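Enquirer: When I checked Swiss-Prot for this same protein, it listed these features:
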BINDING   His83, His182  heme b b562 binding site
BINDING   His97, His196  heme b b566 binding site
BINDING   His201  ubiquinone binding site
TRANSMEM  33-53  transmembrane segment
TRANSMEM  77-98  transmembrane segment
TRANSMEM  113-133  transmembrane segment
TRANSMEM  178-198  transmembrane segment
TRANSMEM  226-246  transmembrane segment
TRANSMEM  288-308  transmembrane segment
TRANSMEM  320-340  transmembrane segment
TRANSMEM  347-367  transmembrane segment
Amino acid sequence: MTIMRKSHPLMKIVNHAFIDLPTPPNISGWWNFGSLLGLCLVLQILTGLFLAMHYTSDTTTAFSSVTHICRDVNYGWLIRYMHANGASLFFICLYIHIGRGIYYGSYMYTETWNIGILLLFLTMATAFVGYVLPWGQMSFWGATVITNLLSAIPYIGQDLVEWIWGGFSVDKSTLTRFFALHFILPFIITALAMVHLLFLHETGSSNPLGIPSDCGKVPFHPYYTTKDLLGAILLLMLFMTLVLFFPDKLGDPDNYTPANPLNTPPHIKPEWYFLFAYAILRSIPSKLGGVCALVFSILVLALFPYLHTSKQRSLSFRPLSQTLFWALISDLIILTWIGGQPVEPPYIIIGQVASILYFSIILIFMPMAGLIENKMLKW
């Protein structure tokens, strides 16, 4: 008799994806973040669903409804803070996941990589529209400033902005449509994540050595299910520490003030996970140039498979490229810091240098380092 998981149509899909999946025997803890992202997504959808039951997407009551959730709903404060900090956790895992992909050359699986970039764009869009929903000062002005960037698009820009707003300014209709988008996008992300997995399982995972491991693969269960479970427990411990002890650490105090179109906050800035892109946007004096740089700062990831010049896939044995990789990480940290600072000297010049360095490392230095390392291998 055939085992049910190998014969039942639905169980077979689960079996091929999570139980009998052939997996490289040497993948490290850095490969845990894919499953942790799945956990974050489930967590966000569940907490978001319960928040949506009590939230009202109307400009007059949105702020009050969030207050009502925190004060009057059973464990509403916990659900709200889990959802708000869950977004930060999501992006931490996302950035580590992308970093691991760059370090170990996972971008050579182009279909999986490109769907991943699309997932990143969708996650950023979801987080942006979600940040508008509490209708605090930073929500309102963040929505105004970021959507206004689209007016830089020649010819159709202004019409496009007014079409997104549903009027001549960010108002009731904007909030309603942002709520609708924030509700539907996570389900689109879930569907795309499944396609992401589908393409990954066509090729199999890469490994730290960057060499084929077909001859020594092991089944996913029990080896990596236990490893993923450990990662999930550690992540949840870290997450609950953040939620229960430092719930407002990553938020903006301005968002505890109800939105007021007549009073502009002294310094408008997005959530911390967008600050690096915001710094790149601000470092270019031209509005259209800034918007192009902002989009390209994420889209540049799609060029990685074509900029790979080395004969080795992974950076494990490439000290020159390793140095550049960590320089890129340091540069992103500097950009994140600059994005949260006011537009004044010396921050302006630091932001401009860091932005130039960001694109230079990816587009010029890393491909050059690959070629130099190829030469060194011949010696």
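Counting begins at 1 with the first residue displayed.
Cβ coordinates come from backbone N, Cα and C, glycine included.
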Enquirer: Can you grab the distance from His97 (heme b b566 binding site) over to His201 (ubiquinone binding site)? Cα atoms, rounded to a whole Å.
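Expert: One finds 17 Å between the Cα atoms of these residues.
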Enquirer: Please indicate, using numbers and ranges, the residues of the same chain that are 6 or more beyond the transmembrane segment (178-198) and have a C-beta under 8 Å from a C-beta there.
Expert: 17, 37-38, 41, 44-45, 48, 52, 55, 57, 112, 115-116, 118-119, 122-123, 125-126, 129-130, 132-133, 143
Enquirer: How big is the gap, in Å, between the Cα of His201 (ubiquinone binding site) and that of His182 (heme b b562 binding site), rounded to a whole number?
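Expert: That separation, Cα to Cα, works out to 29 Å.
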Enquirer: Where does His182 (heme b b562 binding site) sit by DSSP, helix, strand or coil?
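Expert: Note: His182 (heme b b562 binding site) is helical by DSSP.
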Enquirer: Given the binding-site residues His83, His97, His182, His196, His201, which one has the fewest other C-beta atoms within 10 angstroms of its C-beta?
Expert: His201
Enquirer: The transmembrane segment (226-246): which same-chain residues, six or more beyond its ends, come within Cβ distance under 8 Å?
Expert: 29, 32-33, 35-36, 39, 78, 81-82, 85-86, 88-89, 93
Enquirer: For His83 (heme b b562 binding site) and His196 (heme b b566 binding site), what Cα-Cα distance in Å is obtained after rounding to a whole number?
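Expert: Their Cα atoms are separated by 24 Å.
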Enquirer: Give me the CA-CA distance between His196 (heme b b566 binding site) and His182 (heme b b562 binding site), in Å, as a whole number.
Expert: 21
